[in-house]
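Colleague: Input: one structure, supplied below.
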Amino acid sequence: MKILVIHGPNLNMLGRREPEVYGSVTLDEIDAALRERATAAGATLLTIQSNHEGALIDFLQAEGWDADGIIINPGALTHYGLALRDALAMLKAPIIEVHLSNVYRREPFRHTSVVAPVATGQIAGLGWRGYLLALEWLLEEKRA
């Protein structure tokens, strides 16, 4: 089983950027927790973080065709990343959109996701554990 984890712009700054909003856990810590759980389940986890939409699209085009699941936190690309949305739409794997904060309790511009219409589901506001919940769902979905 192959799971892709995609982290969009500014997520490399987790732990330093607005910890009152995003928490104090770093991206490396999130990826380590996901990798530990995936390995225990016999799954392969491939991760990427980029501040550039094109790099995320290149990753999806290279790795997404045979992926069994995709976890994506598009960051600000959530609201305007149409090329990223189109790259996700090409793939057959279930997609879980994750947001650390509850975007619906924040500024109005954050309430719209161009990714949501192509995602299987969305988890928002549960902090870094939202990634783990997404992974658990994907692992269970493939066992069903």
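Cβ atoms here come from the backbone N, Cα and C positions, even for glycine.
Below are the features I grabbed from Swiss-Prot:
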| type | residues | note |
| --- | --- | --- |
| ACT_SITE | TYR22 | active site, proton acceptor |
| ACT_SITE | HIS99 | active site, proton donor |
| BINDING | ASN73, HIS79, ASP86, LEU100, SER101, ARG110 | substrate binding site |
| SITE | ARG17 | site 'Transition state stabilizer' |
Colleague: Going by DSSP, is LEU100 (substrate binding site) sitting in a helix, a strand, or coil?
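Modeller: Assignment for LEU100 (substrate binding site) reads coil.
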Colleague: Helix, strand or coil at ASN73 (substrate binding site), per DSSP?
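Modeller: In three-state terms, ASN73 (substrate binding site) counts as strand.
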Colleague: List the binding-site residues among ASN73, HIS79, ASP86 whose C-alpha is within 10 Å of the C-alpha of the residue listed as 'active site, proton donor', in sequence order, or say none.
Modeller: ASN73
Colleague: If you measure ASP86 (substrate binding site) to ARG17 (site 'Transition state stabilizer') at Cα, how many Å is it?
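Modeller: Computed Cα spacing between ASP86 (substrate binding site) and ARG17 (site 'Transition state stabilizer') is 29 Å.
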Colleague: Say you check the Cα of ARG17 (site 'Transition state stabilizer') against those of the binding-site residues ASN73, HIS79, SER101; which is nearest?
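Modeller: Among ASN73, HIS79, SER101, SER101.
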Colleague: Per 10 Å Cβ neighbour count, which of the binding-site residues ASN73, SER101 ranks highest?
Modeller: ASN73
Colleague: Provide the three-state secondary structure of ASP86 (substrate binding site) computed with DSSP.
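Modeller: Where ASP86 (substrate binding site) sits, the three-state DSSP reduction gives helix.
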Colleague: Could you tell me which three-state DSSP class HIS79 (substrate binding site) falls into?
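Modeller: Its secondary structure by DSSP: helix.
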